[in-house]
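Asks: Pulled the feature table from TrEMBL, pasting it below:
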| type | residues | note |
| --- | --- | --- |
| DOMAIN | 67-107 | domain 'Amino acid permease N-terminal' |
| DOMAIN | 660-741 | domain 'SLC12A transporter C-terminal' |
| DOMAIN | 763-961 | domain 'SLC12A transporter C-terminal' |
| REGION | 1-66 | region 'Disordered' |
| REGION | 106-134 | region 'Disordered' |
| TRANSMEM | 142-163 | transmembrane segment |
| TRANSMEM | 175-198 | transmembrane segment |
| TRANSMEM | 221-245 | transmembrane segment |
| TRANSMEM | 266-285 | transmembrane segment |
| TRANSMEM | 291-310 | transmembrane segment |
| TRANSMEM | 344-362 | transmembrane segment |
| TRANSMEM | 382-402 | transmembrane segment |
| TRANSMEM | 461-481 | transmembrane segment |
| TRANSMEM | 513-533 | transmembrane segment |
| TRANSMEM | 577-610 | transmembrane segment |
Amino acid sequence: MGHRFSRRKPDGTEDLSPGRFSVSEEAPPHYSTYSTGSETAVSMETPTRRPSEVVNSRQDNRRPSIYSTMDAMPHLEFYANATATGRIRRSRPSLETLRKAVDVGHVNTGDSGRGSVSALQESGNESKENGAGGKTAQPVRFGWVTGVMVRCMLNIWGVILFLRLSWITSQAGILLTWLIILMSVLVTSITALSVSAISTNGRVSSGGAYFMISRTLGPELGGPIGVVFSFANALACALNTVGFSETVRDLLIEYDSQIVDSINDVRIIGSITVTVLLLISLAGMEWESKILFFLVLMVSFINYFVGTLIPATPQKQSIGVFGYRSEIFLENLFPDWRGPEGDFFRMFAIFFPSAIGILAGANISGDLKEPEIAIPRGTLMAIFWTTVSYLACVCPAGACVLRDASGNMNDSLPLNFTEACEGLSCGLGWNFTECQQSGTCSFGLSNSFQVLIQVSGFGPLIYAGIFAATLSSALAFLVSAPKVFQCLCKDNIYPYIGFFAKGYGKNNEPLRAYLLCYIIAMCFILIAELNVIAPLISNFFLCSYALINFSCFHASITNSPGWRPSFRYFSPWTGLFGAVISVVLMFLLTWWAALIAFGLIIFLFGYVVYKKPEVNWGSSVQASTYNMALSYSVSLAGVEDHVKNYRPQCLVLTGPPTLRPALVDFVGSFTKNVSLMICGDILMMIKWLNQRKVRSFYTSFKASDLREGARHLLQASGLGKMKPNILVMGFKMNWQESSINQAFEVDEAIESDDQISDADSDVDNRKNTVNDQIKTVFQSKQGKKTIDVYWISDDGGLTLLVPYLLTRRKRWRRSKVRVFIIGEQQTMENDRKEMKTLLQRFRLDVHDVIVMTDSERPPLAKKRFEEMLAPFRLNEGQLDERTAQQQRTEFPWKVTDKEMDLNVSFLNSKYAALVLVSLPVPQADCPSSLYMSWLDTLSCGLHCPVLLIRGNQQNVMTFYCQ
């Protein structure tokens, strides 16, 4: 990695165009630019080429140059896991392969050339052909509407909506019922935002909420929440089954067909129902008729609202249904607490399970086509529409139905009545005083759970809605719980549960986990009391939501480069608020259940901490451990590095930092509060660094030459995991005139402080002292300038990671990142789409993707390039063959005529704030003077910093969640 500033206009570049430039004596190519959305492509008028030539050029990538003979261009498959794609993973050539000397202009395509791009592509093509030849069963995948939105809405529209919402309205009144709904929605909406952020921070596999929490917070908290969340889903299945059973029991009572008694009937019906649901689940997810259930619920809602507009008959009035009346609305506007359950938080505890269905889509993330898109969109849309429906259902019930009614037709009042009558019903022509005073009223909001059926236009349609809501929710929870538990079992965090990890069929259905969930649900169905089960479920789901929100908060504040969710509409502080409010509500609702839940989590947490399972998911806990630096360095030593938590830890060869303030400021721009920076001087400047507000160590080192000193510094610097993984150097401006090791082949003499050349400095003033604070470009705001990234070679993603880290800083936040790639005129659109897909997978906010089609042209600044190399030419044409051979042996660093004939490509971004270019990897026998000329020419004519950057061919970014 290096950078330089141009202070003079190089010769031969007076007429450079503001775009990219080629360096030949021909006229510059003509570009045409077009934009689609946020992407821009640049084309160039070039001679027509045969299609076969285009294909060969694209696939073989064999341009005869030092820069790209075997170097692989960026490709998505270099970052794909072999297990995810189902075929052999492509790998880029190693640095050792790139440095291997080969005959110029020839690339071996045999076995020895296994690092070449063509060889890699052949293996990829073979795997594709093999995949196409065999027919494999494709698993069922769902989109965001049917897979997430409809599923979540069906789960949210559960038993509470039809059987308890009207009763809660009678207790809390319309205003407080709205408050209860909005409080529940606040918790679930914040959680949905956190889930959306976590689910878009890489591909989410099966396991839903457990998978997202465990891969974010690590196995210590992920394991306990996996157990709790699986258990909560099993309880939710029991809750909805009991709700269905209550409705069937009431129908049996209405028709005098009771089986045993009211409690045992619920147990019998519930046991049969959950058994049938289990058989449906075992048959496969294709049997889940979600759309049918959804349509039935829509018809039920319409039936309910139409019924409120139909004038009430005397029979309806006897049970308290009068149609819209302002006096009834005002009476029901405020609370009327009754019985032992009559308080606000008890009502909240009973209502909250009606909002827990928000994770129904996330729980089957492994069965979604695009979970990173489907989960945020579907979940948030489901919350919005269900909230509207809840608020809309409360008002008609509160405006049309009295709290108490006898159901006796004889309680109607004559026109001139003289008997005692109290309450609102007297003004409506009915006397319900007797049943109100004795507490024997059987109808009305406070006494009947069947109000929605009574208000509706056609009661059986509401029964159909109850059956659809309860059965669909029960079925969804019965499917979700085993899948979450299966994922937990596969991770092998806890002992004795691996038995339940086995899957069957093309969808890998967890049949054993289904049976376990069935047994748990059956146990709670035997309680047969909806108001007892609901608060238990509320606590376990609030506990899950608290950890989901905390996961989002923790991942955000650790500033890990791997935390790059494509969903941007969230804040770490909303996540923290959601976590805190969930914990508070747990204790306010049912304190003993909250203690049980936390006791279970603490026990499971302690077990994982004690056992230390051998898993590494790149969690935010690892990232926060890095931030605690020295105090946790010993514990980090036993943790394997992960690509998601890769941080650029830079050893910057600044010499005295006062001479290279721009280099110091640049590296400080993307390492401050994120990673390690060490300024190395191979010969204490701490006060100067502190005054400049640069967080860096300063290391002075003496060595016989630069290379030896850099090697020793890299090995000696740092402590444990806190050691450099990137070497940063300034560009030696006077490399041509330097009397020290002109060809960089012999050892350098050690320079004293007074002998350091001013040409190596970033500062024009050569009389700097330690206290001088020179302002550089990296200390000022960049405005809306661009950061241009020329991603010529795929180095593992470091070329993209550095500009991303820069744009997280306040001074660079408004800068737009443009990515330039090499392509062909005929395949330009394909190249652009491929790169766009890769950048979207990385969740990187890139403004433009520009395809360069002139990389094969000779450079425009060829004259300057030749003049620069003139002192280092061998000039074989002027020597006889024997003398030329002798010169080549004595001066291996001199450039031969053959090497001068190589084609080179040049880049230009005249108005950019910063340019990043893939650093060419020289072959082992490349003359150093040729390589230095090549690097110097790459940045000529640019009046902004240029960063020549190269990773070590290992991935530093990933688009997976683990």
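Indices start at 1 and increase along the chain as displayed.
The backbone N, Cα and C atoms fix where each Cβ goes, glycine too.
Can you tell me where each of these features sits in this structure?
Replies: In the predicted model, the domain 'Amino acid permease N-terminal' (67-107) shows an average pLDDT of 63.
Outside the transmembrane segment (175-198) by six or more residues, the chain places 165, 168-169, 209, 212-213, 216, 333-335, 344, 347-348, 351-352, 354-356, 358-359, 362, 375-376, 379-380, 383, 387, 390-391, 394, 398, 542, 545, 548-549, 551-553, 555-556, 565, 567, 569-570, 574-575, 577-578, 581-582, 585 with a CB less than 8 A from a CB of the stretch.
Non-local neighbours of the transmembrane segment (221-245) in the same chain are 158-160, 162-163, 207-210, 213-215, 265-267, 269-270, 273-274, 277, 353, 356, 363, 466-467, 469-471, 473-474, 477-478, 480-482, 484-485, 487-488, 491, 493-494, 517, 520-525, 527-530, 533-534, 536-537, 540-541, 543-544, 547, 551, 597, 600-601, 604-605, 607-608, 619; each lies 6+ residues outside the stretch with a CB under 8 Å from one of its CB atoms.
Within its own chain, the transmembrane segment (382-402) has Cβ neighbours under 8 Å at 148-150, 152-153, 156-157, 161, 165-166, 169, 173-174, 177-178, 181-182, 185, 188-189, 192, 301, 304-305, 308, 312, 320-326, 328-329, 331-333, 354-355, 357-358, 361, 424-425, 428, 432, 444-445, 451-452, 454-455, counting only residues six or more beyond its boundaries.
Through the fold, the transmembrane segment (461-481) approaches residues 151, 154-155, 157-159, 161-163, 208, 230-231, 233-234, 236-237, 240-241, 243-244, 247, 251, 273-274, 277-278, 280-281, 285, 288, 290, 292-294, 296-297, 299-301, 303-304, 357, 359-360, 363-364, 452-453, 513-514, 517-518, 521 of its own chain, all at least 6 residues removed from its boundaries and within a Cβ separation under 8 Å.
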Asks: Which listed stretch (142-163, 266-285, 344-362, 513-533) has the most C-beta pairs under 8 A with the transmembrane segment (577-610)?
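Replies: Maximum Cβ contact count belongs to 344-362.
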Asks: Could you check whether the transmembrane segment (266-285) and the transmembrane segment (513-533) come into contact, where contact means at least 3 Cβ pairs under 8 Å with the two residues of each pair 6 or more apart in sequence?
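Replies: Yes; at least 3 Cβ pairs under 8 Å.
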Asks: Count, for each of 142-163, 291-310, 513-533, the Cβ pairs lying under 8 Å from the transmembrane segment (344-362), and report the range with the highest count.
Replies: 142-163
Asks: In terms of Cβ proximity under 8 Å, which residues at least six beyond the ends of the transmembrane segment (513-533) contact it?
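Replies: For the transmembrane segment (513-533), the far contacts come to 159, 163-164, 230-231, 233-235, 237-239, 241-243, 245-246, 263-264, 266-267, 270-271, 274-275, 278, 281-282, 341, 350, 478, 481-483, 485-486, 489, 500.
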